[in-house]
Amino acid sequence: MTSNQQRVVVKVGSSSLTSLHGEISSKKLEKLVEQIVRLKDEGHEVLLVSSGAVAAGYRKLGFINRPDTLPEKQASASVGQGLLIEAYSKLFLSHGYIASQILITKSDFSDEKRYNNVRNTMNVLLKRGIIPIINENDTVTVNRLKFGDNDTLSAKVAGLIDADLLTILSDIDGLYDANPRKTPDAALVQEVTEITPEIEASAGDAGSEVGTGGMKSKLDAFKITMASGIKGFLGRADTPGILHEAICGTARGTYFIPNADSHALNHKKQWIAFNSGPEGDIVVHNESKEFIIDRKKSLYPSSIYDINGRFSNGSVVRILDQEGEEIGLGVVNFSSSQLRKWKKDTNQETAASSQAVVDREAFVCHLELSVPL
């Protein structure tokens, strides 16, 4: 790609793809594809994160209304995902582009090897001119192992592939200083450089009845992209030419701009911070916090006050102070059993004192993030 060409993740929610009756609207699908095709014709790489599997499938199972129970939703998604990707593929092919399908579960991201494998696959597809279409594998995913919604998934995918821009298309114009559905004179916020508690409180939870992601989930998604050094945009899906304008910086909506002075998290730290899932805790002496946070030092055995849980070498653990306040997350070089042996045996601890328990390169401090760990 040239300097003017960008790698863009486009996320579209169910509410932006469905009719008033809750079914997939072929007209809305066609308009979305036409906008993505324009980006492709301009030389951009585009990855689409698309909801809509349940909406595409539930009528085929004989349901009059969108189902409420998990088995019914998963059955609807099983039928709908095939129909949705078929519709996308035909539309893109009519413009000369090939689409691919990638169904992801949270466990694909929590395992580092699979996480890296997903990235490699996506990079090959994008470099070969393919349009990957991503969705969570709703048919096999249970609630406790879900991303939560496709807003979160799209943000993590954007970081995974080093995207230049994440564009979330919805049924609202952007972020307002109050909920526009409840406050008629609410003003559109054009640019956000920090997502503060005040912004979150004023946003409320404006969302649609069709999708699962309200404004809170979108703000959480943009916290992830901002920590990863990626620009974000939130705008209305039915605005003509909005994807092109979003790249040009002229679209009506809200831009989320990462801090140019802060260091963006690399892939390793993104995985640790947003995907890994801690398996235990290491409690450090309070006087060690300065070395870990301010002086950015690795964590050594002499700093350990206590160890909670059972974990193996290579696991991700939480680093806590003596009051239980979380300092960050890190990958440990030693198992919990080995660390406990060192704690009991002063001679062994002394012999191991030069070996880092958590290397600085494998540690993410909460101060590095604009999103809670």
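Any Cβ shown, glycine's included, is placed from N, Cα and C.
Secondary structure at K11 (ATP binding site), as computed by DSSP, is strand. Under the heading ATP binding site, Swiss-Prot lists K11, S170, D171, T212, G213, G214, M215, K216, S217, K218.
According to Swiss-Prot, the feature substrate binding site maps to S51, D138, N150. DSSP gives S51 (substrate binding site) a coil state; it is part of no helix or strand. All protein chains included, S51 (substrate binding site) registers 28 other Cβ atoms within 10 Å of its own Cβ.
For the domain 'PUA' (279-355), the mean pLDDT of the prediction comes to 85. Residues or ranges marked as domain 'PUA' by Swiss-Prot on the basis of sequence analysis: 279-355.
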Candidates S51, D138, N150 (binding-site residues) with Cα within 10 Å of K11 (ATP binding site): S51, N150
Rounded distance in angstrom between the Cα atoms of D171 (ATP binding site) and S51 (substrate binding site): 13
Cα distance (Å, whole number) from N150 (substrate binding site) to M215 (ATP binding site): 12
N150 (substrate binding site) in three-state DSSP notation: helix
Distance from S217 (ATP binding site) back to S51 (substrate binding site), taken between C-alpha atoms, in Å: 14
Protein Cβ atoms within 10 Å of S217 (ATP binding site), excluding its own: 22
Binding-site residues compared (D138, D171) - highest count of Cβ atoms within 10 Å: D138
